[in-house]
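*Asks:* What follows is a structure written as structure tokens; I'll ask about it next.
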Ligand SMILES: NC(=O)c1ccc[n+]([C@@H]2O[C@H](COP(=O)([O-])OP(=O)(O)OC[C@H]3O[C@@H](n4cnc5c(N)ncnc54)[C@H](OP(=O)(O)O)[C@@H]3O)[C@@H](O)[C@H]2O)c1
Ligand SMILES: NC(=O)c1ccc[n+]([C@@H]2O[C@H](COP(=O)([O-])OP(=O)(O)OC[C@H]3O[C@@H](n4cnc5c(N)ncnc54)[C@H](OP(=O)(O)O)[C@@H]3O)[C@@H](O)[C@H]2O)c1
Ligand SMILES: NC(=O)c1ccc[n+]([C@@H]2O[C@H](COP(=O)([O-])OP(=O)(O)OC[C@H]3O[C@@H](n4cnc5c(N)ncnc54)[C@H](OP(=O)(O)O)[C@@H]3O)[C@@H](O)[C@H]2O)c1
Ligand SMILES: NC(=O)c1ccc[n+]([C@@H]2O[C@H](COP(=O)([O-])OP(=O)(O)OC[C@H]3O[C@@H](n4cnc5c(N)ncnc54)[C@H](OP(=O)(O)O)[C@@H]3O)[C@@H](O)[C@H]2O)c1
Ligand SMILES: [Zn+2]
Ligand SMILES: [Zn+2]
């Protein structure tokens, strides 16, 4: 269990989470990169361009 | 100028058409493969699956 | 097929004057739009009882900026051609008045489409002016071009009937319908219901539908039978588009028919038609006729596919119900009747991409 | 044919009885649907003058198979709770009659939403029963939960007001709206207009629109101001969906605000709310609140983004106007008032994919 | 945030565990939604290669707030029931692995729908595990209920096939299809194509269409013939909705059939079916089966009309392709197979008004 | 505003030749359509790498029947005017090659819209040919007509920027924007995303949306600021239409402004503009600007309403993004630059009724 860097909510990581993996915060939707696993550290992942253009 | 194998309409080939090229018949829409260029010979191209599923 | 009109007639000195009864409706609005862009016609009056006095652009946005205002149908002045786009029953009641006002009356309703009073008794609620029935000519040039010149009354076809007739006419002419069983399954847009709008045709109720209506006994069967010489089993569905009528005709011919027979029949009939386009197979997104590919235009798309294992021909036909299926067909027929360029005023080729026009 | 869910509560012995006035309308139909699936309520009567005698399923397909028929509003029997989903003006006229029939009246119209007669004079055409205004409680539990227990009259909020208030309430509570300028730009679906349907709301005219209505002076401004303590510049647009109201709030705070401040304000207010979901950023197709993600449900989605260069907070809020913005809010408030599980009868979580529900 | 319903069964102690392969797709997403709200099942895993690690709610908004994250299909753990919602060809390849993981495999693809290898050779590209074909049972309870208990593999039907079979099965059972000619004209929504999306299925190209596809030779003909004992002439059209499949069946029986015969056949077959609703005529907006009246639900609407003059029966059948035509049918069949209440988890009755869900 | 084309130039003898790079895309397809119907231009080449060799009508149904086939962009021949409708970044890379091929290059991308390299560094990813930036002229004739004659490179504006600039330009010219706060809330159709189409723009996901995108920091802010001399707070939403961009501008002027001031500003600027129509109030269904009233046309509708109580001006502006917002604007600018009739080739006035075009 760790904390979303965007909204501060708890984020549950599954047991075999690995560094580099991207998870999303189920509270705010932010994409978070797993930087470290023990203890768990998350960082906001670089934003993906929306693919439906402008 | 040659003839569509599907509907019989005239099909205009451009000057530098090459064997293997696919053109469409502007009368019926059929896709035609250029089998030979002098004289021009066309054959119905294998049909593409519709890509919007069932 | 030039995509834009060219006008070599001197419009001011010799334009043919035209008025429209029922100009606030959907078909009447299309007539306004088409005649406003027509090189040979000059618009005189456009009637509406509800909107009399208002500018035509206040109802029909494409007409904004034009000075014409709706007038009362009772105030009709003399013109060369009178187009009537009123509900079924109005023209048969007023036909004498309309003919007094104009040499040529082009009616968009069902009032003069059928040949005999008996048909009106069977399919409608009778006819109040049966004596005029044999004066009228069916508008659809693809099947009746040779009888339009000199007509006094022209009856524009029904939209579902037009789609069906255009799809099947080459088969009828080639004898392929003789003894054939035919199912016609039609899908139409909401503009077919006209500009009224009750609860069932509200946006909330009518959006997203595939809604059967007239499952059997649709009145257009009469017109279709009249022109194809055979009866068809006809069923209509409302779908989520505003413009468009699409007929899928399932034909079971009496004997074997080849692809070559079919192409011969269709190309023979339509190769020289300015408003019919074959679309049968091919690749990409648009392979068969579909209404949005002809929306806003006077074009019909027609195509077919042989179903060998079921000894069936599937014919697809797509039109814009308010253009080819109504106002455009009327203008096309008038062009033929008056000796104008057939495509005059009808050159718009459509839009791509386009949603649900 | 079990068209409707049945809960596990013993309905006959201890159910709370409820009737609906205006049950043939869109909001009333939702009440029917929600109460039919509610474990604590037993439906008694559903009124409609137009459809009296017909089964409720003949108007509302999800109710097919239920035996209930519409009755006349004049034939109301005593029940525990009376839900009224009539046009503005009806409940204020009949409030005594309704309160005679039921201990709790939950009204979905605007008749008891505002606190004072003066507001009705300013925003509506006055009020015919101003003495009852201070008896009524605003339904929206997120802002008024603590006052619902024991209420005699509950006034369900306006749908646009609900979307706006839910979007901005955390900012108001955190003081961020103090001295702020606020623009609210709303997009709504066609069900907001009710089940009537004139020419302008016909499918042909209403499809595909982005149509401004009430560009200024929308009546919901009154409700919004009452709950946020600040006036907002409000503009509404009709767009092509049936259900849904989406409010984009452009907030210009008086001083600097950080992302952390915002998350603090929003999570503080909404983390424990069963029907509010934060959706702010992220990846994939659904990144911000949008109405189709909550269509059919009692959920609201709320999210925001800071625009540093313009010193602006953009807040998005999306609801289903006939559920969270009307019937669902009313049931939620009744659940709170009567001490039921807050989410009872409101558990449906929505559909994916879904078009334009 | 309780985004999903919870039943009253003690989930932890006696729930049946279930996993979904292909849970990021449209049919798999529906399985997730239905199982999350099911009183008897407990969700174990949901696979997606593309979204592994992300929460299921990031792809499917109705699942927001649930903690489940997608896992890799290669990491399947043992469960009681495995639902597979992968493209055609995947399950036949992995069937041994799937059966190792679960006692009951419910497959939503076409891989186990047909009885014989010969059919796969004729209609598909053969079969890689023909030995398992006779182990599998077709899911549709209305035609195969008695064979589901104890099945090892259940094959959920095709959506167009399901709509057609439900429409015609009573006629088949009553012998009315013997010697009859049958045309089936189908209209379907865009969710039938799955969650992929190329240029032709983009919003701009796919909006507003009545687009023929598979004019002849549609693979579902095989399934239909297998269950009705007669071949049908089948044609499909894409129309502008997301959910929904509507089959119009034009039946030409060998001899005379009366309305009474038809009601006898249909009521005999469907009166006790929890998910089939007759809708044939009546008044108001919704008179015949239409997909939006059943969108989001596991219900099918079936109706008919006699066309005496053409000696035709027109049968209409409407379903939601991803529920009754896929995930809902699969859950229904699993309920039957496992002895649960047939309607468990499938009670949602739909929405009104609703646009194009 | 002439609603119909008039062509007095002898097309055959002195037509100006034109080619299109990126002709298989949405904007390029519109260029094809407009130039095919243009009295002064003769189409030479239309490029597509993907569809090279196929007829242009196979991709764009309105072009069916024309013999032109796509060619490779590498095979460009010399022409008088080259239109480029490629994604951002392509023209800046190939500008020398394009200028070698044609005296006038009209680019539809963002590559030459901004004045300085610094702007491209701030808003885009820099510029690969900054030396050409001051050669290019912004296309929008309403704001830059006097600089178009003799231009070598013309940069057609962004669609959202065009809608916004047209809405606010009269206020800027009248000084009303000086010191004003401005919020611009935009709603756009799916064609804005081009002909590609990933999962998020599939019909199933994109139907029925009110979906925020680019909540802040939209690149078009740069163009808007360049032409209005003030920054705006800009937010965009995808809504369910294919064509159309609608900008609602909430303007808070520094001092009092009257209705008379506003009409003076707008009429002064637009009374003589052939493609701008004022629409502010009135009666009937169409009272304010809305995109479907101008769909398929090069017209913009602009209107406003004063909100006295909030000291706000609400300005509405609606265009077709692929015509006035792109291909039509480009042709209009070319008409001005080459001394043609301004409205040549752009006379189509739109359709009524029309759904979601
Ligand atoms: N819509 C189609 O797709 C389509 C296709 C083929 C044929 N048609 C035929 O075209 C005709 C018009 O259809 P529509 O869809 O345009 O209907 P509509 O939108 O309802 O328009 C009817 C028009 O007739 C006028 N009108 C009604 N009663 C009248 C009367 N007694 N005297 C004079 N004017 C009267 C109405 O205006 P006021 O009431 O203001 O006078 C209105 O302008 C119908 O006969 C229809 O069958 C329509
Ligand atoms: N639609 C929404 O999104 C929404 C959202 C928030 C609040 N509301 C509010 O909810 C109320 C109902 O809205 P709606 O959209 O459901 O409207 P609607 O579809 O027009 O329904 C109105 C209902 O009231 C009945 N009714 C009308 N006049 C009546 C009278 N004098 N006495 C008794 N019954 C009468 C009608 O049935 P009969 O005429 O057959 O009796 C109908 O059942 C309105 O006050 C509205 O402001 C609606
Ligand atoms: N849509 C309908 O209306 C409908 C109706 C009846 C039956 N069906 C059937 O249901 C099945 C799914 O259809 P759909 O519409 O849901 O398709 P879809 O949206 O394309 O979903 C396909 C799913 O399968 C997964 N997948 C693809 N290849 C896989 C592989 N090799 N191994 C494991 N997982 C794989 C995909 O996820 P990843 O690629 O991320 O792993 C995705 O979750 C099909 O067989 C279809 O015929 C669909
Ligand atoms: N759509 C709008 O509403 C709109 C409005 C204003 C401005 N614009 C601008 O117009 C331009 C085109 O937009 P669109 O919507 O038409 O996009 P689109 O539909 O994606 O079309 C792009 C076109 O460019 C071609 N293309 C792509 N890369 C190329 C390359 N490297 N060299 C040569 N040709 C290439 C593509 O064809 P092949 O890949 O087959 O060669 C295609 O024909 C963009 O710059 C856009 O910003 C569009
Ligand atoms: Zn978070
Ligand atoms: Zn051909």
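Cβ from N, Cα, C; glycine included.
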*Asks:* If you check TrEMBL, which stretch out of C:148-169, C:170-191, C:192-213 is marked region 'Disordered'?
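*Replies:* Per TrEMBL, the stretch marked region 'Disordered' is C:192-213.
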*Asks:* Which candidate from C:321, C:335 does TrEMBL annotate alongside C:24, C:25, C:26, C:27 at the NADP(+) binding site?
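*Replies:* Of C:321, C:335, C:321 joins C:24, C:25, C:26, C:27 in the NADP(+) site that TrEMBL records.
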*Asks:* What recorded positions in C:24, C:25, C:26, C:27, C:159, C:321 place CB under 6 Å from ligand 2?
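*Replies:* Once distances to ligand 2 are taken from each Cβ, none falls under 6 Å.
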*Asks:* Round to the nearest Å and give the CA-to-CA distance linking residue C:26 (NADP(+) binding site) with residue C:159 (active site).
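*Replies:* It is 13 Å, counting Cα to Cα.
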*Asks:* Counting Cβ atoms within 10 Å across all protein chains shown, which of the binding-site residues C:24, C:321 comes out on top?
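*Replies:* Counting Cβ neighbours within 10 Å, the top one is C:321.
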*Asks:* Just to be sure I understand the packing, how many Cβ atoms besides its own are within 10 Å of the Cβ of residue C:25 (NADP(+) binding site)?
*Replies:* 22
*Asks:* The region 'Disordered' (C:192-213): which same-chain residues, six or more beyond its ends, come within Cβ distance under 8 Å?
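*Replies:* Here the qualifying positions are 24-27, 29, 87, 159-160, 235-240, 245, 321.
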*Asks:* What's the longest C-alpha separation between any two of C:24, C:25, C:26, C:27, C:321, the listed NADP(+)-binding residues, in angstrom?
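*Replies:* Greatest Cα separation within the listed binding residues comes to 17 Å.
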*Asks:* So which of these recorded positions, C:24, C:25, C:26, C:27, C:159, get their C-beta under 8 angstroms from chain D?
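*Replies:* Listed recorded positions passing the 8 Å Cβ cut to D: C:26.
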*Asks:* Sorted by position, what residues of the same chain at least six away from residue C:159 (active site) have a C-beta under 8 A from it?
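*Replies:* In sequence order, C:188, C:192, C:245, C:319, C:321, C:322, C:325, C:326 meet the Cβ cut-off.
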*Asks:* Can you tell me the three-state DSSP label for residue C:321 (NADP(+) binding site)?
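*Replies:* It is coil.
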*Asks:* Show which residues of the chain containing residue C:27 (NADP(+) binding site), separated from it by at least 6 in sequence, have their CB under 8 Å from its CB.
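*Replies:* In sequence order, the residues whose Cβ lies under 8 Å from that of residue C:27 (NADP(+) binding site) (at least 6 apart) are C:85, C:108, C:194, C:322, C:326, C:327.
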*Asks:* Less than 8 Å, Cβ to Cβ, versus chain F; work out which of the recorded positions C:24, C:25, C:26, C:27, C:159, C:321 satisfy that and list them by sequence.
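*Replies:* Listed in sequence order, the recorded positions near chain F are C:26.
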*Asks:* So what's the mean pLDDT when you look at the domain 'Semialdehyde dehydrogenase NAD-binding' (C:17-151)?
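*Replies:* A mean pLDDT of 97 is what the predicted model shows over the domain 'Semialdehyde dehydrogenase NAD-binding' (C:17-151).
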